[in-house]
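Straight from Swiss-Prot, the features:
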- His298, His347, His412, His590: Fe cation binding site (BINDING)
- 12-22: compositional bias 'Basic residues' (COMPBIAS)
- 1-27: region 'Disordered' (REGION)
- 1-23: transit peptide (TRANSIT)
Amino acid sequence: MQGLAPPTSVSIHRHLPARSRARASNSVRFSPRAVSSVPPAECLQAPFHKPVADLPAPSRKPAAIAVPGHAAAPRKAEGGKKQLNLFQRAAAAALDAFEEGFVANVLERPHGLPSTADPAVQIAGNFAPVGERPPVHELPVSGRIPPFIDGVYARNGANPCFDPVAGHHLFDGDGMVHALRIRNGAAESYACRFTETARLRQERAIGRPVFPKAIGELHGHSGIARLALFYARAACGLVDPSAGTGVANAGLVYFNGRLLAMSEDDLPYHVRVADDGDLETVGRYDFDGQLGCAMIAHPKLDPATGELHALSYDVIKRPYLKYFYFRPDGTKSDDVEIPLEQPTMIHDFAITENLVVVPDHQVVFKLQEMLRGGSPVVLDKEKTSRFGVLPKHAADASEMAWVDVPDCFCFHLWNAWEDEATGEVVVIGSCMTPADSIFNESDERLESVLTEIRLDARTGRSTRRAVLPPSQQVNLEVGMVNRNLLGRETRYAYLAVAEPWPKVSGFAKVDLSTGELTKFEYGEGRFGGEPCFVPMDPAAAHPRGEDDGYVLTFVHDERAGTSELLVVNAADMRLEATVQLPSRVPFGFHGTFITGQELEAQAA
């Protein structure tokens, strides 16, 4: 990760070997002022930014602390301390001693952490977690919120509940949803709550983190040891992985009366927005027993049919990839098993009016690399990247057409459509290089280039072009198009300006046909996240103008230590209103807007 703040004379990488320290210090720098500007009421009870040798012994104390003066609402699902029999108490003590004496002291502490697994890097400044916040009402507003905006802006993100005891990647944190209710031109309420996953409930009952962190911990021999330790605890009945191991921290989608919080390592979780603006986790959601596998965090809701299209990938056993969809009433299609030679990281995909577009890129899973001391997430340079084009209602994968797109890795795809004039499928995504830099340390500068990719399924040929001219090239990541036009040709995309990486200094409106770029910049020392486009008429299949709507986004002021919600006119990119939030909102991942009608139609 590159320069997050002006250089300082204090290195946070003192514990790393000299070579790693030099690399990390050149690529990640933090300002003490930015960290100390966090309001003291929200600071963690234990220091978070420690060398691995100084990381705490297994913590009995959650990292996320409620804000004084605002008592946290009771958690119905918490269930208290886990009751253990004599054998389990002995096994727990022995396994804890093995973790501290061998895994931590022998396998981990003699080695430095890469920046991609260093808590001092991954959860510093406004990436650090916050405590839960019960609803706060009647928030101050500057400017005018358009009265048509009626609903809840909800945004997901990673917010570790416990202090890390080993490596930690930003993607490893527990899911927390931040929700802002807007109605009649007023900001009625704000709340943030953990999504009460089975993983989080079990760790709270035990009083410490025990589930493996997929990116931060599972590398090398120590990763194998931590996996073995986890399954030993499961064999002793100390944890139950069958109840779910995911963190539900990435995506949000509203479908069939339910707001679903998702990460690709588990089933979705149903989160309900209460009448007072609070958030309640209903539970792990398997679509009434129809879904028995994990689902990626970016399912696609077709605005015309109401169908929800999804993928599921498996890193251990075949089939490594499956496609399925849900009809508007929630009934599930049969799985289409897509044959892949090796398990592949597929974080996102795209739909058109009639097709599903599936990336098969070079970032793959090779668990055997852990035996060699490496990460199981690997850039396979011998593999040729490709996209698969499959009819939405295909009976099996025999209808899939593959098109090679060499050296292309799109972590996110913003839209796709069918070009009737050429017969090609047009895909809009951000091509990232180095492809594995999010997961593995790299000396190269990360670039995320907004790209138009054209796939000709008849000939197997592809072309690609950068949407922006070289003189205007900026890193564009996380964002969306008008959701009423998803899968159809769109002119505009609203994307975060991810500079200086990994912070977001503003967002851009991009004309996908001309490359014209219009930026909305947050200002010095102010950073945000994903822009959420809210169309003027949420149900309009053909709006008056594609950009007829507003953009909502959270922004944090590092100097003042305050956070806000901005409301920006999507057509002219002018600020309409600012909502002052009662507490800090960390940088997060993806969000959605739930309309007032959808709130009223929520399932119990």
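Keep in mind that glycine also has a Cβ here, set from the backbone N, Cα and C atoms.
Source: prediction; values computed, not measured.
The Cβ of His347 (Fe cation binding site) lies under 8 Å from the Cβ of Glu264, Ile296, Ala297, His298, Phe411, His412, each of these being in the same chain and 6 or more residues away along the sequence. Note on His412 (Fe cation binding site): other Cβ atoms within 10 Å of its Cβ, all shown chains, come to 22. For the Fe cation site, the Cβ centre of His298, His347, His412, His590 serves as reference, and the other residues of the chain with Cβ at most 8 Å from it are Ala250, Gly251, Ile296, Ala297, Asp348, Phe411, Val478. Remark: of the binding-site residues His298, His590, the most isolated position is His298 (fewest other Cβ atoms within 10 Å of its Cβ). DSSP assigns His412 (Fe cation binding site) to a strand.
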